[in-house]
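Engineer: Positions annotated as transmembrane segment by TrEMBL: 23-44, 50-71, 92-110, 122-146, 167-187, 193-210. Residues or ranges marked as domain 'Cation efflux protein transmembrane' by TrEMBL: 25-225.
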Amino acid sequence: MDDSLTSQNLDLKQRQLKSENKILRISFVGSTLFLLSECLAAFFTHSQAVLMDCVYDLVDLAMLGPFMILVPKLYKPVTERWPYGFAQIESLFIIIKCGLLLFLDIQLLTDSVALILDGGHIVNAGAVAAFELFVSVSCVAMYLVLRNMNRHFSSPTVNAELYIWKLDAYSTGGVGLAFLIQLILQFTPLSFVVPYIDPAIAIFMALILAREPIMMIWDAVKSLILAAPGKDVMEQIRSKAEDILKGYDLYIDFLDVVKTGRKIWVDVYITQKDDMLSISSLKLAHDEIVARLKPEYQDVFVELIPEIEPDKLPG
C-alpha cells in the first residue's frame, strides 16, 4: 500500500478517534445529568419503574468512564506483543457491562414480582408521568444528536451507547403513558388495579430489556474466543474476494475470518495453476480486496497466503 493511502488511513483513524471520544464524552455528561434526576425521582416517588431506569443508567455510567480511557488504545496499530491489538478488551467490557445489566434486570424483576404478591403499592402517578415523559423527550434529542455525530463511522461501543439512549427514550415514554392511564383508572371501577401498575410496568420493562444484553453478551463471547462471524458475513467476504482474485488467476483454497471487537481479520489461503507467483500481482489483489471490504468493514485486515498443500487444485 503506498504512502499516500497509508497517510489517508491514519488521518481517517484520527478523525474517528476524535469523533468517538467526543460522542462518549457527550453521552457521559448526559448520562450523569439524567442519572442524578432519576435518583431524585426514584427517592421521592418510590417507583419501581423509575428505579429500573436509574439502575440501568448507573451501570452504563460506571462502565462508560473507564472505557473512555481505553478508546485511544483501540486505534493503536497491532504489534507482536498485542497481535490483535486491544479489540478483545472491548469485547470483555461489553460482556461485563451487559452482564451487570442482566443481573440487575433479574434482581429488579424478582423485586417487582414480590411487590405484586405483597399487594402492590401506590405512587404519585402524575409526578411520575410528567417526569418520565420529560426524560423520554430529552433522550430522543440526545439520541438524534449522537446518531448524527456517528453517521460517518460505527463502533460496537458507540452503537451500544446509541442503543441505550434509544431504549431509554422508548421505555421512559412507555412508562409515562402507562402512568397517565393510571390517573384515569383511579376514577373508574378498575381502580383496584392501580397499586399493581407500577410493579407491573417494571416487570414488563425487565422482560423487554433482557433480550438485548443477552444478544450482546453472546456476540462479545464469540469475539472473545475468536469465533468466525455469521455465515452471511463469510459468504459476502468470500464472494468479494473471489471476484477480485479470479482477475489475477488466483483461487481461494480456504478462508479464515475472525472478528474481534470492531476488527475483522481475513486470511485468504490461495492457490494457482502454476508455481510462479507474482508478488506485485499479489499486492494489487490484496489492496483491491481491502478497498472492496472497507465500506462495510472499516477495521478489516486482509492477508493473502499461498497454500503449499491445497485441499483442492484449481481447474
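Our numbering is plain: 1 for the first residue shown, then up by one each step along the chain.
Glycine too: its Cβ is placed from the backbone N, Cα and C atoms.
Help me picture these features in the structure, burial and contacts included.
Structural biologist: Residues 50-51, 53-54, 57-58, 60-61, 64-65, 67-68, 71, 127-128, 131, 135, 138-139, 142, 145-146, 149-150, 157-158, 161, 165, 168 of the same chain lie 6 or more positions beyond the ends of the transmembrane segment (23-44) yet place their CB under 8 Å from a CB of it.
If one looks beyond the transmembrane segment (167-187) by at least 6 residues along the same chain, the residues whose Cβ comes under 8 Å of a Cβ in the stretch are 34, 49-50, 53, 56-57, 123, 125-126, 128-133, 135-136, 139-140, 143, 193-194, 197-198, 201, 205, 208-209, 212.
Long-range contacts of the transmembrane segment (193-210) within the same chain: residues 47-49, 51-52, 56, 101-102, 105-106, 108-109, 112-113, 115-116, 119-123, 125, 128, 167, 171, 174-175, 178-179, 181-182, 185-186, each at least 6 residues beyond the stretch ends and with a Cβ under 8 Å from a Cβ of the stretch.
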Engineer: Six or more residues out from either end of the transmembrane segment (122-146), which same-chain residues have a Cβ under 8 Å from its Cβ atoms?
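Structural biologist: Residues packing against the transmembrane segment (122-146) from afar: 23, 26-27, 30, 34, 37-38, 41, 44-47, 49-50, 53, 158, 161-162, 165-166, 168-170, 172-173, 175-177, 179-180, 182-183, 186, 194-195, 197-198.
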Engineer: Looking only at residues six or more beyond either end of the transmembrane segment (92-110), which have a C-beta under 8 A from one in the stretch?
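Structural biologist: 48, 51-52, 55-56, 59-60, 63, 66-67, 70, 156-157, 160, 202-203, 206-207, 209-210, 212-214, 216-217, 219-221, 224.
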